[in-house]
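Participant: Have a look at this one before I ask anything.
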Amino acid sequence: MTRLDSVERAVADIAAGKAVIVIDDEDRENEGDLIFAAEKATPEMVAFMVRYTSGYLCVPLDGAICDRLGLLPMYAVNQDKHGTAYTVTVDARNGIGTGISASDRATTMRLLADPTSVADDFTRPGHVVPLRAKDGGVLRRPGHTEAAVDLARMAGLQPAGAICEIVSQKDEGSMAHTDELRVFADEHGLALITIADLIEWRRKHEKHIERVAEARIPTRHGEFRAIGYTSIYEDVEHVALVRGEIAGPNADGDDVLVRVHSECLTGDVFGSRRCDCGPQLDAALAMVAREGRGVVLYMRGHEGRGIGLMHKLQAYQLQDAGADTVDANLKLGLPADARDYGIGAQILVDLGVRSMRLLTNNPAKRVGLDGYGLHIIERVPLPVRANAENIRYLMTKRDKLGHDLAGLDDFHESVHLPGEFGGAL
């Protein structure tokens, strides 16, 4: 496994005017970009970038800068397969020659990052390619564009970077990949990080939720407090059903019974027997009610293990044709499980939870909640009922996704509801 450096080192290097290398996901470009802060651009840095990269130098900017400078899309309908938001190319209007030299491009980069610059300070077209980053950075789009802007902002600089893809020194005509990038980083004293690490760092160190409303909700299991949250960057709403006092004068936030439940319209609302989600939700509410203290956190945006409702219905079509729940996702070009629990962890922290007994049979959920200042002291099995419609689904979760589901092999379709088995979507 390739050795990586810390995000903290990368941020410090960016602040100091050094370049870093950022690798994206293997399922995306699987390439490493040389990145530095645009306001720190020098002729030497640009020359180094040109020497070891493709030479197609881009300057990622946040949306506010693009709007201020009148940087319009390069083409009305973006057809780039990764959605990179190219704008019209530019040169600095004054202080440069032809615009192509390292010195000229460094001047243009610094001007793009200058908060006092205006649209008329640039000529169009030019030799530098500004890119528009998504609001929310890598949390919205895991690309090098957003990584550059995030790193600059985290370093206390203007949200403007300079990026270009590093080319292979071993395989002429190809881009450099992970192992070669590590060697290159060591040779030149550069930090090497991944976009995944940057996403994880931001999720752990920044708050991305807002508590919006709280209301009393009487249910057949008793009364809960429904506390509504919005996710700042994802335009998704979540709700926590809270019973009893979690933290406060008479509670310390420890030993809280918690269920983090993934949204499932078909199971939770329509009572679909293809999954075990509805019975799990009902059982979790009942168990928290009996406990007298706990949280059932209902996570929106997790439909179909994160692939969305329409894709889930398409996956059902494939399952009806013989695929299992995992293979169906993969046949659609989607991950077997695309859920992220970072927002859920932040909500639990906001509610005052410090340590919990987690209601789940999915070990991955436990891993997904670790590392956010939360301590999971126990995994509590959540019983549900298997039936003829969901038994194959449950077995696939057990066999391919590692869910802890005991007793499924004893199921017989001739028996209507054979007993209770744990399952966690």
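Just so you know, glycine gets a Cβ as well, placed from its N, Cα and C.
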Participant: The GTP site in Swiss-Prot includes Arg259, Val260, His261, Ser262, Glu263, Glu303, Gly304, Arg305, Thr325, Thr360, Lys365. Which of Gln280, Gln317, Gln346 is also listed there?
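Facilitator: Record source Swiss-Prot; matching candidate: Gln280.
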Participant: Can you tell me which of the recorded positions His144, Glu165, Cys275, Asp337 is spatially closest to His127 (site 'Essential for DHBP synthase activity')? Compare CA atoms only.
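Facilitator: With Cα distances computed to His127 (site 'Essential for DHBP synthase activity'), the winner among His144, Glu165, Cys275, Asp337 is Glu165.
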Participant: Looking at the recorded positions listed here (His144, Cys264, Cys275, Cys277, Asp337), whose Cα lies nearest to that of Glu165 (site 'Essential for DHBP synthase activity')?
Facilitator: His144
Participant: Where His144 (Mg(2+) 2 binding site) and Cys275 (Zn(2+) binding site) are concerned, what is their Cα separation in Å, rounded?
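Facilitator: Their Cα atoms are separated by 38 Å.
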Participant: Just the number: how many Å between the Cα atoms of Cys264 (Zn(2+) binding site) and Asp337 (active site, proton acceptor)?
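Facilitator: That separation, Cα to Cα, works out to 14 Å.
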